[in-house]
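Working notes, beginning with the structure itself.
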Amino acid sequence: MSKMRFFALQELSNRKPLEITTPSNKLSDYYASHVFDRKKMQEYLPKEAYKAVVDATEKGTPISREMADLIANGMKSWAKSLNVTHYTHWFQPLTDGTAEKHDGFIEFGEDGEVIERFSGKLLIQQEPDASSFPNGGIRNTFEARGYTAWDVSSPAFVVDTTLCIPTIFISYTGEALDYKTPLLKALAAVDKAATEVCQLFDKNITRVFTNLGWEQEYFLVDTSLYNARPDLRLTGRTLMGHSSAKDQQLEDHYFGSIPPRVTAFMKELEIECHKLGIPVKTRHNEVAPNQFELAPIFENCNLANDHNQLVMDLMKRIARKHHFAVLFHEKPYNGVNGSGKHNNWSLCTDTGINLFAPGKNPKGNMLFLTFLVNVLMMVHKNQDLLRASIMSAGNSHRLGANEAPPAILSIFLGSQLSATLDEIVRQVTNSKMTPEEKTTLKLGIGRIPEILLDTTDRNRTSPFAFTGNRFEFRAAGSSANCAAAMIAINAAMANQLNEFKASVDKLMEEGIGKDEAIFRILKENIIASEPIRFEGDGYSEEWKQEAARRGLTNICHVPEALMHYTDNQSRAVLIGERIFNETELACRLEVELEKYTMKVQIESRVLGDLAINHIVPIAVSYQNRLLENLCRMKEIFSEEEYEVMSADRKELIKEISHRVSAIKVLVRDMTEARKVANHKENFKEKAFAYEETVRPYLESIRDHIDHLEMEIDDEIWPLPKYRELLFTK
């Protein structure tokens with residue numbers, strides 16, 4: 001292995017940036033060239049077929065089989081112009097990745113001749129094996145049938161020579177087995193609930209859309225070094241490795257000059273993204289060495305999520321051409337920042353109003369305040385659900401590590417906006433408001449745009465921060481599917497808005513005027529949600545203590561956090577808003593707990609193998625060299641000189657012996673703990689056992705190995721070190 005390490009470093013020194021040529025000097029010449037968007041539809045579809053797609057997208061009108069055949073034929077004709085040979089239903093199973101099965105257009109005609117055919121039936125529905133994907137026990141191996149069904153709202157696209165059709169994935173009995181199905185339901189739920197609240201202010205509003213802008217963080221590592229680290233290859237993170245003398249402490253990497261090889265990778269990635277209609281806009285160095293970020297312009301939430309999954313696939317594929325491996329793990333290296341995926345979330349009406357941006361008059365600001373306060377209440381009531389939606393084995397290393405938001409959910413608004421809410425509480429009473437009181441209150445609300453213009457600061461320690469015209473959910477992990485967080489947020493928001501509307505309606509039925517009813521319910525919600533508002537340092541110990549006093553939960557135990565998917569409040573949201581049924585929700589919990597168990601199990605096995613078969617032999621070999629050196633010294637020096645000059649070596653031999661013995665014992669005990677955990681039949685008990693009895697060994701074993709790394713001759717250490725992984729360009 002040590003030879004492999006030095007061969008990797010030698011190979012790395014010969015790397016050169018690839019030459020990247022853009023298809024055209026004008027981005028507009030090739031932007032979305034590989035997407036079957038409306039412009040292409042108008043060209044390739046009959047008018048009635050084009051109208052059927054538009055009606056299905058905007059109104060939810062079903063597409064007839066006759067229209068589906070016309071659409072499929074037009075889609076195939078367009079795809080053939082790009083030399084496409086295959087098609088696939090592209091879907092997002094519960095694996096934090098995408099899935100696809102490629103079929104050729106080739107069929108035999110009645111006379112035995114080969115023809116190319118793509119029918120409406122093939123476009124609309126296919127049958128992959130549902131038992132081979134995570135399904136939480138919904139499908140047995142002998143009950144393999146599942147269905148993929150076309151998502152009309154997300155346009156088909158071409159990658160290489162394959163036509164990819166975005167689809168949902170459901171079981172034979174109709175249960176969702178993917179991320180897209182519940183996401184579409186959550187978006188529909190928040191659309192309906194938000195529209196009803198909006199119509200208290202403006203009857204012209206008939207739809208509310210959810211927008212998402214994601215920020216994808218990632219690490220790059222040269223493939224030669226990556227291949228020399230079995231832990232990186234098999235788990236996505238380094239299970240051992242002493243920190244480099246220099247890491248991120250000089251703060252010289254963030255927004256620094258991008259290395260030429262990385263720039264070439266980013267250029268090619270952007271070209272491929274733009275061909276697929278993905279509006280990537282920003283690229284830069286992140287805080288940690290060899291860490292970077294890619295961010296697009298925000299889009300409709302469903303499409304934005306599809307694009308993020310597609311980008312992650314593209315990054316892996318393109319990185320290989322540039323001799324890089326992309327690391328999406330939330331914490332690939334100890335001691336430096338991990339990677340997140342900030343979700344910038346907003347709601348916009350079909351009349352062009354951003355509901356999270358102040359209006360141009362008091363009425364518009366009332367609408368803004370109504371949605372702002374409902375977000376506060378939504379997060380306050382559903383903090384455990386939001387945490388569960390982003391909790392994973394990888395993300396647990398990052399949350400609360402003074403680099404990412406803590407596991408405590410709170411909202412940052414900025415002091416001025418918080419003061420405005422406090423003023424509403426002070427001015428609104430339970431008695432009937434006078435016209436003068438209403439005017440004073442509305443005038444104060446009218447000043448909100450002036451307040452936010454210069455005083456909406458950024459608090460990087462807040463997990464859910466208001467940033468002027470959107471909320472930024474910063475707790476999501478870099479490897480996650482955005483849909484998990486977006487399902488939770490939008491379903492919870494729909495639930496909260498429905499409750500708000502019902503409360504306002506009740507007061508109006510009692511004879512209270514609409515404006516006053518809204519003010520009263522807003523006041524109640526501002527008071528009730530006050531514990532969730534926090535303007536200070538989310539990393540501090542003081543905040544943990546203060547959060548506990550406020551009654552906020554702080555759950556770092558992964559299985560315990562995931563269990564809140566099925567607590568009473570989460571069920572009221574996810575089942576109450578018809579995002580999941582009972583079976584589907586139980587399935588989600590089982591899948592997440594099993595994923596956690598398997599990831600810790602793999603890490604444990606990999607670390608045990610590396611420790612016993614790679615590190616211990618090297619340590620013993622070096623120890624033997626030291627012992628041989630002692631024997632030679634004893635032959636040369638006098639006994640007195642020998643005792644003085646050999647003391648440090650004897651101490652080192654003793655230290656290595658202690659570390660090697662400890663590693664062997666810990667690996668043995670970890671293996672036994674794993675066996676006990678594996679015999680637990682209940683998936684919940686197994687996950688808890690892995691968290692509490694297996695996972696702690698990973699850090700203990702690592703600690704001994706990291707000490708050995710600093711004590712053993714660099715020439716024989718088998719694995720690439722942090723200084724090589726992080727500082728080779």
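Using N, Cα and C of the backbone, Cβ positions are placed for all residues, glycine too.
Swiss-Prot lists Glu286, Glu293 as binding Mg(2+) 2, and of Glu175, Glu196, Glu217, Glu330 the one it places in that same site is Glu217. Closest by Cα distance to Ser346 (ATP binding site), from the binding-site residues Glu215, Glu286, Asn337, is Glu215. Under the DSSP three-state reduction, Glu286 (Mg(2+) 2 binding site) is assigned to coil, being neither helix nor strand. Proximity to Glu215 (Mg(2+) 1 binding site), defined by a C-alpha to C-alpha distance within 10 angstroms, is shown by none of the binding-site residues Glu286, Asn337, Gly338. Applying an 8 A CB threshold to same-chain residues 6+ apart, the list for Glu217 (Mg(2+) 2 binding site) reads Glu286, Gln291, Phe292, Glu293, Ser339, Gly340, Lys341, Ser478. Under the three-state DSSP scheme, His342 (Mg(2+) 1 binding site) falls in the strand class. Summarised as a single figure, the pLDDT of the domain 'GS beta-grasp' (85-174) averages 78.
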